[in-house]
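> Below: one structure in structure tokens.
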Amino acid sequence: MANVVVVGAQWGDEGKGKIVDWLSERADVIARFQGGHNAGHTLVIDGKVYKLSLLPSGIVRPGKLSVIGNGVVLDPWHLVQEIAKLRADGVEISPESLMIAENAVLILPLHGELDRARESQNSVAKIGTTGRGIGPAYEDKVGRRAIRVADLADEATLALRVDRLMVHHDALRRGLGIEPVDREALLAQLREIAPQVLPYAKPVWKVMNEMRKAGKRILFEGAQGALLDIDFGTYPYVTSSNVIAGQAATGTGIGPGAIGFVLGIVKAYTTRVGEGPFPAELQDADGERLGERGREFGTVTGRKRRCGWFDAVLVRQTCATSGVSGIALTKLDVLDGFETLKICVGYELDGERLDHLPIAADQQARCTPIFEELEGWSESTAGARSWADLPGAAVKYVRRIEELIQCPVALLSTSPERDDTILVTDPFED
């Protein structure tokens, strides 16, 4: 029995929510290990739609333990709102079903204010942040001045933490022309929210290791995608945390030996939200068609996603950096009806052919895609549950992707419904 890490292998929005939900039915523990409430995921269960952005996907399934690990930055007010919304939808949530790492860093109102002020004043090169304070919260974590969940339990400690934080933030705010932090108002907000958060606070590292020793199945749920990784993504147009599979261990306090299978979620084409390089991007009728058919709008922000053909170079790269064992290929049905499909198989930069994306941002921006054309199909793949249900051209497309990314397909998703899935390799089996 293997513990499974699910990571997005593109720029996020690959359909992780459905796959995680599909796997979570058989998992005992579902843990988030990085990010914040900036990455939304949509679940469709028995026709009912759930939109989550902070809580693990397993929260909607009774009898599962959902975990928010120390690698996550936590907005406590958003947490309470998301819990309330799910409860209104009939989902039962208690400290028995949800656990939050005591050492998880809090996102405060001042983080969102700083995030938005920087983005609005940075006219030269906007990063495309959601403005929710995730980046500034991670900055405070690395700067060793953050307020953590455990700090909410002691008022004296909390006051000291706020004072230390204000020294840094008030200086920043002066430079940006923002009013200083209202110390008493912030403390009052934290005191008010503390009783609603602390019941869920636990030593996650300890519980996770106990679960592992007891033979429980653990599913590690990543947010966003590996191309947004702070180290291996398209820097600086990235998120503020590590997104690749290795972060699952660091972000929950469990050893890397606990990871048995890494499942990379890959869309059958490519999308990106916000700024940054996108070599295979389409700015024509085909790109519009992909966006309309795939309903490519962000779960959290509602922003229209940029669309392009499948980029095998990037996915091969992310499969390597995350040690992907197999991929789940999603949204194949969006390609139904295209007469011709294209796959990016390399880049050209200054007259030289490359088999990887260079690390320098200026070089990334100058890369032009080298495409390989494949025959499309007119038949529908929507709802297919076996290889026999797929048109021959669709099977060839999938097989070509496997060859180019040097990684096998473990799952194939053919609609948002969780049961419309073709299983090739069971990630939970050793």
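Note that Cβ sites are derived from N, Cα and C of the backbone, with glycine treated the same way.
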> Please pick, from THR239, THR318, THR321, the residue that Swiss-Prot records in the IMP site together with ASP13, GLU14, GLY15, LYS16, ASN38, ALA39, GLY40, HIS41, THR130, ARG144, GLN224, ARG303.
THR239
> Find the one among the recorded positions HIS41, GLN224, GLY302, ARG303, LYS304 whose C-alpha lies closest to that of LYS18 (GTP binding site).
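Nearest candidate: HIS41.
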> For LYS304 (substrate binding site), write down the residues of its own chain that are at least 6 apart in sequence and whose Cβ falls under 8 Å from its Cβ; none is a fine answer.
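Listed in sequence order: GLY291, GLU296, PHE297.
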> Suppose we draw a 10 Å sphere around the Cβ of GLY40 (Mg(2+) binding site). How many other Cβ atoms does it contain, all chains included?
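Other Cβ atoms found within 10 Å: 19.
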> State which of the following binding-site residues has the fewest other Cβ atoms within 10 Å around its Cβ: LYS18, ARG303.
ARG303
> At a 10 A cut-off on CB-CB distances, which of the binding-site residues GLY12, GLY15, GLY302 has the highest count?
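For the binding-site residues GLY12, GLY15, GLY302, the Cβ with the most other Cβ atoms within 10 Å is GLY12.
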> Nearest to THR42 (GTP binding site) by Cα, among ASP13, THR130, GLN224, ARG303 (binding-site residues)?
ASP13
